[in-house]
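Have a look at the structure below, then the notes.
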């Protein structure tokens, strides 16, 4: 046997053993080795230690680490950090006892001085700008580390641009003063040193170090007395003093001849500490606001442990559980959602069942088979009318129709069979079919066969109804399903193989009749709680200029109530975070994530991993609700785009229906799918409900802004900081900042959940769905028209009506339908583009009497005006006689359009008449539905009065609100063009009746009660009570309420608001102080209300918004007018002085505007300053991807060259980025004149336009402008004082009912100068009351009572009329812009102002309308007959006009005015011009007559 002997070779030593002396030599050699080439010892250096020594320092914690840190000088690290490495090497060599260090050759003092002098001479020979800061890179890094946290651009601008700009003269004066101070402080040793030299800088640097050490000692002594400030002091010494020491180059550049004294350095340190204190206070305030959030996170941290489990462990195998059947073999199923696929061939119902094994509700889906399509065919009439046909003739007609239909079926081989039979149905809609009962042929065939085209025509039938009806809609209507409810499922079959959904349980039903609505459920009586996942995301921009998901935080709540408020305090949360491309993560981020106990954070290297984890979490949690703010406005589209781009597997787990391919159609509402179910977010999430709090807030509350920050503030009383995705990379510098970002994202998700709960979105939309009978997901999408449509479909289906088909939309109509919510009733404009002119007039707007009212104004409003009109006059499709508007193919009838004046088509709607309101027709569906809703709401409100349980009271409040919303929106489906129940004739009739009702109310208020109506809009009026007593004003409102309400049965007006004071500017624009709780005197309080005054637009700078807000607050303050004027004078003067002195910070002038397309696509940038700035930034090296779709900040400036200032007229030449202004060093300064004239004066002018005692001239003078330019506007307002000029512009009270409608037009009043006493007065008319209760003739002077001679009066009137004619033919036009006021009689094109830069319109100063109004006014002054007709008192006294004093004189004066009126072409209506086209010899080129 051979043995193998193993020979082991002697191994080499892995570690080398040396003694202490040799190890110290190695360490010293490391310290002396400059391992950075050409660094000269100023950069990095090796401390000589080992790697494990540094690691131990990092990981060492507890008392041992603290003890080690206290053994050395606390300033040593700072000194070592700031001093060059060469200096540290010298210190180390001098202190070391290493012999090798002492063996180096010594350099004498003289040699050292020579070397240093040579170095300094070389440095002094260079210009200061050529010298580089050796610590520049380190300085930039420290600045980045210590930059204050900014979540949005506004905070970033405030941090960067919260500086005061100095003018060039101020800089020069400051430098001269500093040079004198420097010369006085320069010592003898430094008298020959160049102030720009490095030696000088080194001396200053070392002095700063000494001062910083002294400051360190002082701060330590302070910290002993105030332990709470220790952390702040350490922060100040450890960070900001570094910045002071490092930034020596910048200090020298700004102050070239300054020597930093100890006092100045101490002042600088004090200033820095003050800034730190302010920053710390702000941080403490923010932490105080977030205390509730942090406590909640800590409380819910234990629930997050479930989310840390393995994915497979979290998902148990629920599908193996048996179905929880009832004793009778049925299944109790709670309906939540439904969806159809393959054109209705596959119908899925989603809901929840109670799984006993799990002791909770789990998701379940039902695949419904056996659906049938139903079509109704209308036979064609020939000869006889339907009413005259006999039964046999109807049968023969039906037989012929069925024979032809069989031939039609054979043309479609996919439809193998169907069944037909004649039935009787009703019709009452817009096709040319007589309203009433008719015979139809009903067709039924299996839903797996394709649908029949609705355009099929035949010889024996007119059209086919129901061809494009979706199977889901048919299922809902036939099974009478009205929203989420319990169902009883008979014969359920559990699906185990080839499952089509991701639900925990899946069943199959062979016949839809096996599904029935049940009220008494055998399994569970309460409604199942819903599970919600509320998420918020943070995005970043990729190098390809695409949005990517960087962070995603979710709040999971498994107990969302369907009937009332939910308990959302208890929840789970998790955050998914990934690394940014090209951006390193902070040090030890993984351990920091693991140690974060109050949050569950998962980190991923790539976006793909993050999204896959999110999809997996959705599948595991199986939520019923997916909640986010602005979810449907781009967030979900982004998520799906990234899923498609990254090819995420099992992406359909976001929903509950299994799919292979992501749908690529944006929307397809023209198809048969219910509710436009081809919308992509709906396609991928069917089975789950999408809750977008942005959309629901727009539906449920009225706010000026619907972003999360504003809604959290006004609805939740919570502060939120806006976040700008462009600043996302700045948070990846430190873990503290990254945790702030994570916390911000998690809090966004929680605020969204709070908002959903506060607005009661889930219970309210459920009630709306239960009332209307539509799908819940459509109610969550604010499909108001669809809710009303489904409600009417249920009602008309119940009454055996043939339902109108869904309109087939083309691409153009589809685009309109997507923005259907932007349409207004009776208005022809949309946000998305143009459409035909308004088909009918909308609500009436009474012209406002603009001005400031310092007494109580009452706002009275009709309760649900349009629904009440429908009930009051019994308006319905079946009661209003109207002509048909559509052909059988669904197209509009041609007679619906006529040519307008501009050649465009206008809809010509027949004015329908009101039906007989005393006739009660049983088929009047609209009034019946509204009446039923009103009765239900009344019953709910009566129950609320006696209910004491807060939970039940909240549920009742939600139900009554849902009923109110449904009733108020019922009118909308009539005027909505895409609605199946579109009936413009009925809608026009309702709005016309509404206008008549408002006018009737106005007439009662003014003529019967003598009230002053100052404004009215659609269903409300404002009344000036003339009183400051609240109870007295309310009594006036009650009087009007009683007079109006007694005229109607259903219409009712109520006091809706009481304004203590009102600033009424124009239509839909006012501000007021409003009484709240005015019916309860003990609880009355005054709040400010604004409508239409938009002060948040980005094209107004912060200074403009601040000034406008102050002016408005002063006007509404209730102070005396003199005090308001003094306050405004002081405030505006201070603003003007600050602008002149340049003490306003730069961020107050910043205007932002978005770049919406590629910069090269902008053709003309002269009037677009943001584009000019963006173009300049692009030329400076910024990529276009960083500019497009971003908001560009800019300020308007003027350039300064020496003593001259260059100011261009083009805004593009005057616009600068804030960074450019700062770096210009005084060469570019703010153009204060532009800001005053463009940003400050216009908004102030609009606010004070109707305030007496405050003129534009006064405001311009306060702001430092030339008041002469604005004197015209002041004179234009003060026209009440008579002058020698007989033409005085004013608003006289006209004398006839016809002319009363003209009282808002300016006319020229007749002014008479008495020939006896030379007194000027307005001619008063026929008779005027005197002080002793006697009547005086208008031909007597109001002062001396002397009779005016007839010849003098006639001559004065003749001169007045000639001057009036001369003013008209002068053709003067004036600009309507307040700051322009240009007048000219030049011939203008498009009536645009001729002043360069002004965008105002030029209007005629004396137009034809104004001249005609003046003539009619004058004719009324001398018309005795008209005077007696209008004045009953004088009519009784003077039985005949001839008995009135001076009758002949007035008659002659009237003839003179009538002679001018006859000459006026404007006063005539030439019927020949109007109807001349009907005559054969008509001349189409007749010239228009002149006014005179």
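Note that Cβ sites are derived from N, Cα and C of the backbone, with glycine treated the same way.
Among the ranges 135-159, 210-234, the one that Swiss-Prot lists as region 'Disordered' is 210-234. Among the ranges 1303-1326, 1327-1350, 1351-1374, 1375-1398, the one that Swiss-Prot lists as motif 'CysB motif' is 1375-1398. Of all the binding-site residues listed here (1314, 1317, 1341, 1344), 1314 has the Cα closest to the Cα of residue 1375 (Zn(2+) 2 binding site).
Taking the mean position of the Cβ atoms of 1314, 1317, 1341, 1344 as the Zn(2+) 1 site, the remaining residues of that chain whose Cβ falls within 8 Å of it are 1315, 1316, 1318, 1319, 1342, 1343, 1345, 1346. Across the structure, residue 1344 (Zn(2+) 1 binding site) and residue 1380 (Zn(2+) 2 binding site) place their CA atoms 43 angstrom apart. Between the listed binding-site residues, namely 1375, 1398, the fewest other CB atoms within 10 angstroms of a CB are found at 1398. In this structure, residue 1375 (Zn(2+) 2 binding site) is part of a beta strand by DSSP. Ranking the binding-site residues 1380, 1393, 1398 by Cα distance from residue 1314 (Zn(2+) 1 binding site) puts 1380 first. Non-local neighbourhood of residue 1341 (Zn(2+) 1 binding site): 1314, 1316, 1317, 1319, 1321, 1348, each in the same chain, at least six residues away, with C-beta under 8 Å from its C-beta. There are 12 other Cβ atoms within 10 Å of the Cβ belonging to residue 1344 (Zn(2+) 1 binding site). Under the DSSP three-state reduction, residue 1314 (Zn(2+) 1 binding site) is assigned to coil, being neither helix nor strand. Least packed by the Cβ count within 10 Å, out of the binding-site residues 1314, 1317, 1380, 1393, is 1317.
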